[in-house]
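Peer 1: Structure in structure tokens, see below.
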Amino acid sequence: MNTQDVIDIFKQADAILEGHFILTSGRHSATYMQKAKVFMHADLTEKLCRGLAEKIKESIAEPIDYVVGPAIGGLIPSYETSRHLGVPSLWVERVNGVFELRRFEIKKGARVVIVEDIVTTGLSIRETVEALAAAGAEVLASACILDRSGGKVDVGVPLIALAEYEIASYASDALPADLSVLPAIKPGSRNI
């Protein structure tokens with residue numbers, strides 16, 4: 001599966017939105033990839049996550065003990081990707097604003113891959129790496145369905161992206177004129 005295949009799946013699900021959006025990262029964009037519209041279709045989600053699992057297998061020679069997803073956005077893709085990898089799926093969730101591996105215990109040295117939905121700045125992955133390190137895990141890599149940075153983001157561990165698709169995003173004080181006149185919508189899940 002390549003980038004165009006991923007974009008085609010998002011188009012099939014009517015999941016590429018145009019307007020003025022405040023992303024989960026806090027950055028602004030004229031394009032929003034509404035993965036919830038994709039993830040509501042099990043067949044489309046299965047295709048994407050099977051493709052991601054194949055890329056993970058090609059990239060990581062070591063055995064993987066767990067796939068871990070950051071809640072909320074990483075729950076569905078981490079679960080479905082773990083199914084294709086044949087390993088358990090766990091998740092981290094925010095407690096007082098900080099990710100924790102709250103509902104699970106893992107052995108020290110457990111080899112994990114973080115799976116996220118869409119990466120813009122990589123903050124959720126970096127925070128997940130910190131939570132897993134605190135739990136004693138070895139993070140082999142992270143992976144995502146779509147890297148909006150076009151391969152430029154640094155998450156602190158290797159990032160395996162099913163698709164790299166650079167979509168412009170802006171700091172709130174650096175909006176282009178055409179975007180600044182549109183009302184902003186915040187569809188993300190960071191504060192949930």
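Here the Cβ of each residue, glycine as well, is placed from N, Cα and C on the backbone.
Feature annotation from Swiss-Prot assigns 5-phospho-alpha-D-ribose 1-diphosphate binding site to Glu116, Asp117, Ile118, Val119, Thr120, Thr121, Gly122, Leu123, Ser124; the stated evidence is sequence analysis. Swiss-Prot lists Thr120, Arg148 with the feature orotate binding site.
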Peer 1: Could you tell me which three-state DSSP class Ile118 (5-phospho-alpha-D-ribose 1-diphosphate binding site) falls into?
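Peer 2: Going by the DSSP assignment, Ile118 (5-phospho-alpha-D-ribose 1-diphosphate binding site) falls within a strand, counted as strand.
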Peer 1: Taking the Cα atoms as reference points, how far is Glu116 (5-phospho-alpha-D-ribose 1-diphosphate binding site) from Arg148 (orotate binding site) in Å?
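Peer 2: That comes out at 12 Å between the alpha carbons.
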Peer 1: Would you pick out, from the binding-site residues Glu116, Ile118, Thr120, Gly122, Ser124, the residue whose Cβ has the largest number of other Cβ atoms within 10 Å?
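Peer 2: In terms of Cβ crowding, the pick is Ser124.
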Peer 1: What is the number of other Cβ atoms found within 10 Å of the Cβ of Arg148 (orotate binding site)?
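Peer 2: A count of 25.
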Peer 1: When you average the Cβ positions of Glu116, Asp117, Ile118, Val119, Thr120, Thr121, Gly122, Leu123, Ser124 for the 5-phospho-alpha-D-ribose 1-diphosphate site, which other residues in that chain have a Cβ within 8 Å of that mean position?
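Peer 2: Nearby residues not in the site list: Thr24, Ser25, Gly73, Ile125, Cys144, Arg148, Val153, Val155.
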Peer 1: Please report the Cα separation of Gly122 (5-phospho-alpha-D-ribose 1-diphosphate binding site) and Arg148 (orotate binding site) in Å, rounded to an integer.
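Peer 2: Between the Cα atoms of Gly122 (5-phospho-alpha-D-ribose 1-diphosphate binding site) and Arg148 (orotate binding site), the distance comes to 10 Å.
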